[in-house]
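For reference, the structure discussed in these notes is given below.
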Amino acid sequence: MATLWRFTLFLCMLLMACGGLSLASKEAKTRSSQTETGTHNTTEEGGHGAGPITTLPIVTWKWDHISVQYLVALWVLVCWLCKLLIEANHNVTNYIPESALLICSGFILGGMIWGADKVQTFSLNPTVFFYFLLPQIILDSGYHMPNKLFFTNLGAILIHAVIGTCWNAASLGLSLWGCHMGGAMGDLDIGLLQYLLFGSLMAAVDPVAVLAVFDQVHVNEVLFIIVFGESLLNDGVTVVLFNVFDAFVSLGGGRINAAEIIKGIVSFFVVAFGGSLVGIAFGILISLLTRCTKNIQIIEPGFIFVMGYLSYLTAEMLSLSAILSTTFCGVLCQKYVRANMDESSVQTVKYAMKVFANGSETIIFVFLGISAIDKVIWVWNTGFILLTVFFVFVYRFIGVFFLQWILNRYRLVPVELMDMVIMSYGGLRGAVAYGLAVLLDEKKIKEKNLMICTTLIVVYFTVILQGITMKPLVMWLKVKRAAVAEVSLLEKITNKMFNHTLVAIEDISGQIGDNYFRSKWRHFEEKWMTPFLMKPSARKKQDDVFDVFHQLNLKDAMEYVTEGERRGSLEFVRNDSAILDFKKKLESEYTEAMPDIPPYMIHDDGNLILIAPLEIYLIRKLADHIPSVSLEMHEQTMKAMREPEAVDVHHLLDQHLYKSRKQYRHGFSRSDFKINRDEKEVQEIFQRTMRNRLESFKSAKMGVSPPKTLVKYSKKEQAVTDSCNGREKGHPKYGHLRCSTHLPFQRVKQLGKSWFKGR
Amino acid sequence: MFILFESLDRDNRGCLSPDDFEALGGLAMNPIGGRIMEAFFSSGQDTVDFSSFVRILAHFRPTDRNRNKEGAQQELPSSRTRKLKFAFQLYDMDRDGKISREELLQVLRAMLGLQVTEEQLQSIAERAIQEADLDKDDAISFDEFKKSLEKTDIDTKMSVSFLK
């Protein structure tokens, strides 16, 4: 708690300083304009061009130079500190969504600034919002969009986005106009067209708000994707409606005839499809680019961001839908980017995107709060405001229920009633509506301030009130929550099989269904897009099941590293069970592969511990290629052999080791009939042997109880093992090896060499 | 449905034979087309008559959740258990009631064979069995299969809409 108070105090001081600085900057600006006539400056001015200096200044106050940048950085810092404060106490965030709390902190900050300045110096500037804060959020949404889910429900999403938004806009505009005509709002100077314009900017469900609120509620994925997809795709409609009505307002009521209306409808298609095409084009460009960036892996991630931003700006430049463009860019490129780029680059992109998106979201909400504390914009008209809130709420419910009822007829799994309630309740308005409202031209629309106020109030109503009550409502209505997705291989395989089965059944019944299209798309993709957009090396690993397998392996590898570090000390591994099968395999296979590394047995306290040749190989490998690795890692792989997944760790290590092996040269060949063999061939055999061995390790371990006998290997090795036994039993060197936690690389090399030379 | 049956039945014998199925080009391209065909011809028969045809296809009806929540659910061919049983049969070619590693490998090979190497296939099969195999008999029985898929939404995944 003490730290919390300290933080708050620091924040307040920061804000005072900020307010003071801005005030100072204002004063400085006014003063500098006064002093420009020639009177010499005080030291507060600093900077050149402010007047002649009389002596060499050691340090000058250069506020003017960096005022803009400083304020920007300071505000970003302040917003993120607010988030820090809010997240300090998890009890609060369980009940009140973070976005609501951020808006409240925005109120507080705005109040402080207002108190210091007597005028609201800061507010959410539409330019800053639309060009600097929104693009990264949309790019993040597109890049992390669950594609399969999205495209499965695309029909529903599109219907809701297009028809739903149009319905919202039209109904709101017309009802308000009706009420105006009926006299419920008193004396307002707003015509029908202006009402429709207001309706169109109010109609759009906001992706930022939806993400912020639904993030904490975890509803089931179908519900989420429909609402979220709708909030993204309705931008196409919003842009069109807003521009069309804006133009109509400028043209004036008289000039609107059928031609204009038709043009309006056509512009919808152009804007929507044009925006998507721009996005797809940029998505393809990104994929192609990542295909060739193998040599500059260090800045590879940057390309995604730059190109994503360019897609946003390009669409904006062509007056198409920028949000649609960025969304489709992300949706398209995610698969190819993840396949083409190196693992570390993929992680970088993922985390950097999250940082930018989340950071922007925070800033947006704080500034939404700050913008409210401004006396200039507040015009209160009870009728207008309350009616708007009411209509927005009600028409959303009507629209969603009606559309979904129609859609449910065509759905395989109909959306339940409770889900529909949440869908309607989740129609949150946010910063996009506010941004559009501020963009209104006040010369044409006299009541701009009223509209801004109303928009702000609606935004606060939805984000704060509906946000707070969303979670309780979800729980009360017993809406199906998101299943914790724990993926298992069998599930994945069976899923795949189901897909194939369904295609077959559709074939048999001669009907064309969903699955037919999906399999056709998959074929098309595999044949044309993947070779074009994906690196050849990446293409081989493209499969769902293999992906899952790889992920599970990685997860286990990570777990073992952390587990091993936690345990720390060594444990001797009992590997006797492996010996039985080992014998069979060894006799036939590995002797050709690596006769010069016989199996190596250590007798230790009555247990037999096996260091198979492959382990020795591993030791050497690890030592040579990763100089400072401790042999503890080896211990852990050995110890880990007990558990089933360990084999995958081994597998994983093996795969990586295999890659580096190409440079490694064997320095210890004992027999000379090995020399003519091709290195690669030897590698292959060894590889195969190791795999088979791991296979047998596992199978042996599962069923066979470990015997405690010393197993003699093939006769060839008999001599070797006998001669070594003497040394093995005592084990000064290798026992030493087992006991030490850190054996420097040199020592291992020494040991290895001496061991082999010594024979 | 009968019209469909008739259109498939090329030689108008009143029942379907393997050739009729093979005539469907798409089925030939399907990696597990052969298995699906086998599923239609149960218990070693050579032909499929109309009733069994319908019975098999009935597995793919979407489950009607709202009706009869009582025990009657179990008997419906489209119930979840029946669907799972059908899927199980697709794996279990020799009908011994268990999916052995070999059988799993065969399915994997058919579906993934081109992209993944043999060792990786084996590892995948190995791991899949380990995950599901609770009684450690190195094979997956029907109950284990059902258990491992309890989180999956079988109803959506194994239903075709026009069969409602």
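Backbone N, Cα and C define each Cβ position, glycine as well.
Features reported for this protein in TrEMBL:
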DOMAIN    A:94-476  domain 'Cation/H+ exchanger transmembrane'
REGION    A:30-49  region 'Disordered'
SIGNAL    A:1-24  signal peptide
TRANSMEM  A:66-86  transmembrane segment
TRANSMEM  A:98-116  transmembrane segment
TRANSMEM  A:151-172  transmembrane segment
TRANSMEM  A:192-214  transmembrane segment
TRANSMEM  A:221-245  transmembrane segment
TRANSMEM  A:265-289  transmembrane segment
TRANSMEM  A:384-405  transmembrane segment
TRANSMEM  A:417-437  transmembrane segment
TRANSMEM  A:449-468  transmembrane segment
Folded-back contacts onto the transmembrane segment (A:221-245), same chain, C-beta under 8 angstroms, at least six residues removed: 138, 141-142, 146, 149-150, 153-154, 156-158, 160-162, 164-166, 169, 193, 196-197, 200-201, 203-207, 210-211, 214, 264, 267-268, 271-272, 275-276, 319-324, 327, 413, 415, 419, 422-423, 426-427, 432, 436, 479-480, 482
Criterion met for the transmembrane segment (A:449-468) and the transmembrane segment (A:66-86) (at least three Cβ pairs under 8 Å): no
Interface-richest range of A:66-86, A:98-116, A:151-172, A:192-214, A:417-437 toward the transmembrane segment (A:384-405), CB pairs under 8 Å: A:151-172
Long-range Cβ neighbours of the transmembrane segment (A:98-116) (under 8 Å; 6 or more residues past either end): 12, 15-16, 18-20, 23, 78-79, 82-83, 85-87, 92, 122, 209, 212-213, 216, 361-362, 365-374, 460, 463-464, 467-468
